[in-house]
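Pasting in a structure now, in structure tokens, and then I'll have a few things to ask.
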Ligand SMILES: CCCCCCCC(=O)CC(=O)SCCNC(=O)CCNC(=O)[C@H](O)C(C)(C)COP(=O)(O)OP(=O)(O)OC[C@H]1O[C@@H](n2cnc3c(N)ncnc32)[C@H](O)[C@@H]1OP(=O)(O)O
Ligand SMILES: NC(=O)C1=CN([C@@H]2O[C@H](COP(=O)(O)OP(=O)(O)OC[C@H]3O[C@@H](n4cnc5c(N)ncnc54)[C@H](O)[C@@H]3O)[C@@H](O)[C@H]2O)C=CC1
């Protein structure tokens with residue numbers, strides 16, 4: 001904790017020499033979101049420590065980041081050598097670790113992006129005994145902040161998947177978040193080349209408060225036998241202009257993550273019919289059909 005405070009002070013001292021609000025960022029969780037956040041943080045000039053539970057997972061994360069960077073480079077640079085240099089430089093700014101404890105002693109910002117489970121997130125924050133903006137999709141961050149000691153340095157950053165492509169970042173504060181912390185988080189969003197929006201610390205913030213009921217109603221429509229998965233997706237793409245239909249998007253987000261979100265909401269808000277559990281979703285997760293990440297969800301994917 002003392003070390004983290006020191007490094008935080010150092011970040012204020014050095015930020016005057018650099019354009020970025022933070023220099024070194026630690027991202028905990030190297031899954032879909034953590035990898036994307038680490039990638040964009042590194043490609044915008046931050047040095048990054050990416051933390052996950054073991055080196056096999058981290059190897060996959062680094063592979064995914066490399067592939068994604070190659071796609072970005074192809075678009076960004078006409079000259080292939082410049083693209084290769086961009087990929088190499090960006091990868092060079094990311095290191096990996098299996099414990100966050102070693103990283104937080106020399107970091108300026110800790111971003112948590114582990115599984116959407118309140119108890120797991122709180123446990124991690126207790127271990128860190130520190131401040132870390134959180135990438136929860138659906139949990140009011142005040143509930144997580146209970147486990148953080150320095151609440152003035154705690155805030156919420158909600159990124160969107162795929163992080164390299166999605167321009168939005170929701171920046172959330174709790175009453176205890178200091179103005180200095182909030183301003184730094186907004187500045188970090190700009191450094192990450194995102195457009196920031198803010199709202200009260202309410203379940204799902206802005207996007208997911210609207211998106212979750214929409215996606216679940218699509219699942220219920222299919223459960224009732226009112227329409228097929230394919231027709232719902234086609235309808236929403238061609239009739240409402242969405243880039244993906246709700247089932248394609250569910251597979252993209254991960255059905256396990258959807259279930260985590262829904263389980264949390266239905267437990268905390270049992271009277272809200274919009275947040276009721278879905279037996280189809282429960283069944284698919286129990287069968288290991290998690291979407292793209294497992295090779296099958298509502299649709300099959302090549303592994
Ligand atoms: C209970 C309910 C639970 C709700 C859960 C909420 C979870 C949350 O907390 C909040 C969320 O993040 S919700 C998800 C938000 N994201 C979306 O809605 C994505 C919708 N899809 C898209 O925008 C495009 O299909 C997309 C951009 C993904 C891909 O574009 P296309 O469809 O045109 O497909 P591609 O041809 O593959 O891609 C076009 C170009 O995009 C670039 N690209 C795509 N993915 C990339 C990636 N991962 N990294 C780097 N570049 C990437 C790429 O440049 C590609 O061009 P090419 O490489 O030349 O093909
Ligand atoms: N999937 C999506 O589209 C989005 C997800 N989110 C949120 O971001 C967070 C992460 O989601 P995803 O990346 O999709 O999940 P994921 O399942 O792809 O990745 C989670 C990672 O966390 C790691 N992990 C679990 N416990 C850990 C611990 N104690 N220490 C270190 N690493 C640990 C796992 O090994 C895994 O690699 C969740 O809170 C989710 O709600 C936010 C926006 C979009």
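Note that Cβ sites are derived from N, Cα and C of the backbone, with glycine treated the same way.
TrEMBL lists 24-202 with the feature domain '3-hydroxyacyl-CoA dehydrogenase NAD binding'. Sequence annotations record features per position, and here TrEMBL assigns NAD(+) binding site to 29, 30, 31, 32, 33, 34, 52, 116, 121, 137, 161, 293. Per TrEMBL, CoA binding site is recorded for 68, 75, 137. Taken from TrEMBL, the feature site 'Important for catalytic activity' applies to 158. Positions annotated as domain '3-hydroxyacyl-CoA dehydrogenase C-terminal' by TrEMBL: 204-301.
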Rank the binding-site residues 75, 121 by the number of other Cβ atoms within 10 Å of each Cβ, and give the residue at the low end.
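Comparing Cβ neighbour counts within 10 Å for the binding-site residues 75, 121 gives 75.
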Provide, as an integer number of angstrom, the distance between the C-alpha atoms of residue 75 (CoA binding site) and residue 121 (NAD(+) binding site).
36
For ligand 1, pick out the binding-site residues 29, 68, 75, 121, 161 that have a CB under 6 angstroms away from one of its atoms.
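Checked binding-site residues vs ligand 1; flagged 68, 75, 161.
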What binding-site residues in 33, 68, 75, 121 place CB under 6 Å from ligand 2?
33
Relative to the Cβ position of residue 31 (NAD(+) binding site), how many further Cβ atoms are located within 10 Å?
18
What residues, ordered by sequence, lie under 8 A Cβ-to-Cβ from residue 52 (NAD(+) binding site) and sit at least six positions away in the same chain?
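Expected: 28, 29, 30, 31, 34, 58, 61, 96, 98.
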Do me a favour and check the Cα-Cα span between residue 68 (CoA binding site) and residue 161 (NAD(+) binding site); whole Å is fine.
12
Could you tally the C-beta atoms, other than its own, that fall within 10 angstroms of the C-beta of residue 161 (NAD(+) binding site)?
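The Cβ of residue 161 (NAD(+) binding site) has 16 Cβ neighbours within 10 Å.
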Determine, from DSSP, whether residue 29 (NAD(+) binding site) sits in helix, strand or coil.
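In three-state terms, residue 29 (NAD(+) binding site) counts as coil.
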What whole-number Å value do you get for the CA-CA distance of residue 33 (NAD(+) binding site) and residue 158 (site 'Important for catalytic activity')?
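Per the Cα atoms, residue 33 (NAD(+) binding site) and residue 158 (site 'Important for catalytic activity') stand 10 Å apart.
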DSSP on residue 161 (NAD(+) binding site), three-state: which is it?
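It is coil.
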